[in-house]
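J.: Submitted below is the structure of interest, expressed as structure tokens.
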Amino acid sequence: MRSIYCGQVTSSHVEQTVTLCGWVHRRRDLGGLIFIDMRDREGIVQVFFDPDKPEAFALASELRNEFCIRVTGVVRARPDSQINKDMATGEVEIFAHGLEIINRAEPLPLDFNQTNTEEQRLKYRYLDLRRPEMAASLKTRARITSFVRRYMDEHGFLDIETPMLTKATPEGARDYLVPSRVHKGKFYALPQSPQLFKQLLMMSGFDRYYQIVKCFRDEDLRADRQPEFTQIDVETSFLNAEQVRELMENLIRGLWQNIIGVDLGQFPIMTFDEAMRRYGSDKPDLRNPMEMVDIADLLKDVSFAVFAGPANDPKGRVAALRVPDGAQLSRKQIDEYTQFVSIYGAKGLAWMKVNQADSGLAGVQSPVAKFLNDEIVREILSRTSAQDGDIIFFGADSKKVVCDAIGALRLKLARDLDLVENCWKPLWVVDFPMFEEDGEGGVTAMHHPFTAPKDFTPAQLEADPLAAYANAYDMVINGYEVGGGSVRIHRGDMQQTVFRAIGISEAEQKEKFGFLLDALKFGTPPHAGLAFGLDRLTMLLTGTDNIRDVIAFPKTTAAACLMTDAPSFANQQQLSELAIQTTVKAAE
């Protein structure tokens, strides 16, 4: 039906006859002539209708926005005064001599020239996707997956599918359950990741596996989370952590170069402990110049219990955060930041404005200055590299509260004060704790229970699980965790030790992971892998801060599809076939 896409018409086609198919993006009737901007997935081109072609001109008078049409015409060069440098096709236009209205459009529920609510956009997603911005995002996503497939193929990876209907296993979030009609009373689970299957593929000898795969987690949603999401899933045999990181870093560096022409350079490596100490986060945004500085050793003997208590507590922390030029903040603004950190459990927010740094105690203004002497103040100013006109905020509480509260404050201040550098800052975060306390006297795996410990024997792990570090690694770009992985456990005794450490009994091990423990008995190779979030990578590469902008048909933050009205009630016959009774009834 067409000879060329709208967005591909250039000055090289001048005087050629072309046929275009697409939609009316905009229509302008200038009396003697009718102009339309005609759009398809590749872009927009200007078409004009002249009364000299009376049949086409008469039909063009009926055109309205979003009519689906076919146009035949001659490519003309625009006069110099009419060249539109903002359009890829801005040097040309189409003089139409043929027009076919393929389908008319009713008045639109969306206005493409205004900002529509997200609810409107999701309800009429098929119209929202016609917007050039949305088409560009999904085309970028397609380019990303195409690049990934080429890279993986060139490096010897096999694209192997794993099951969608599988067994529920404890991986952190809730599973989406699928009832079985054949095995009444039993349920499949949709996979949170292909974790165990990709490990089994390594045990089967496939050596290098990848898959671009849907995963499902029934968890509370945020702006960058969806109940169904897409992973670039990777697993390798006989490679150590450093080799996996090198392979995957080169993939991401190549991706950034290919998609947006940016050289990310070599990724720095930072330990989890250093990231938490300096930034209060295991996914630090290095574009933000502010860092947390520990000062507990200076405050153990002060008379101010808010500082002295955590300073003397092995599980406590006192940290300072210097804000460049922050002394300009008003008391009202400081109170707002104090309210903000309370969300993260902080009981208050002490502060110190630096008027004259070289004057020590005499050169600062602070409600807590009366509890500090000149030597302490000078050391705080020195450690934080404070300058005249700065403000220093203090966090004093448990290590977790200080990291959470001051880490979040660091991000908010950088946004509010425009301190974030406009660049790309990737890194690897490594050496995560193997376990963390669960608040009930036990421990839980920080990543997942199939991650191998770093330089720990089963006996050492059993004796002191909280002392173990995981052989795990996360890739972080501009404060987003874009991928994470680890070396996996490949010995049965270590796997059972980890299961016991997190409170999984022998009986439960056999019930839920018997197939894995059996497989580990038959010459399992050392293996390691990683998974990237495709949605999040696309979000970064397209410059949006909303993951729903890079998914064709996303869910709302309430995990609903406004367009299809999913989820919906099942009818009684369906429920009966599945031997299911529900306590919630559909509205009559």
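A Cβ is built for glycine as well, from the same backbone N, Cα and C atoms used for every other residue.
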J.: Tell me which range among 155-158, 195-198, 407-410, 431-434 Swiss-Prot lists as region 'Aspartate'.
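T.: The range carrying the region 'Aspartate' annotation in Swiss-Prot is 195-198.
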J.: If Swiss-Prot gives Arg217, Asp218, Glu219, Glu481, Gly533, Leu534, Asp535, Arg536 as binding ATP, which of Gln226, Gln495 does it give for that site as well?
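T.: For the ATP site that includes Arg217, Asp218, Glu219, Glu481, Gly533, Leu534, Asp535, Arg536, Swiss-Prot also lists Gln226.
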J.: By DSSP assignment, list the helix, strand and coil residue numbers for the region 'Aspartate' (195-198), in that order.
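T.: Its residues fall into 4 helix, 0 strand, 0 coil.
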J.: Looking only at residues six or more beyond either end of the region 'Aspartate' (195-198), which have a C-beta under 8 A from one in the stretch?
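T.: For the region 'Aspartate' (195-198), the sequence-distant neighbours (Cβ-Cβ under 8 Å, at least 6 residues beyond its ends) are 162-163, 166, 169, 171, 209, 211, 233, 235, 448, 450, 516, 529.
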J.: The record names Arg217, Asp218, Glu219, Gln226, Glu481, Gly533, Leu534, Asp535, Arg536 as the residues that bind ATP; what is their largest Cα to Cα distance in Å?
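T.: Output for ATP binders Arg217, Asp218, Glu219, Gln226, Glu481, Gly533, Leu534, Asp535, Arg536: max Cα distance 20 Å.
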J.: Cα-Cα, whole number of Å: His447 (L-aspartate binding site) versus Glu481 (ATP binding site)?
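T.: Taking the Cα atoms only, His447 (L-aspartate binding site) lies 13 Å from Glu481 (ATP binding site).
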J.: Which three-state DSSP class does Arg217 (L-aspartate binding site) fall into?
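T.: In the DSSP reduction, Arg217 (L-aspartate binding site) maps to coil.
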J.: Using a 10 angstroms cut-off on Cβ to Cβ distances, just flag whichever of Glu219, Glu481 is the loneliest among these binding-site residues.
T.: Glu219
J.: At the level of the C-alpha atoms, what whole-angstrom distance separates Leu534 (ATP binding site) and Arg217 (L-aspartate binding site)?
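T.: One finds 15 Å between the Cα atoms of these residues.
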J.: How does the model score the region 'Aspartate' (195-198) in terms of mean pLDDT?
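T.: In the predicted model, the region 'Aspartate' (195-198) has a mean pLDDT of 97.
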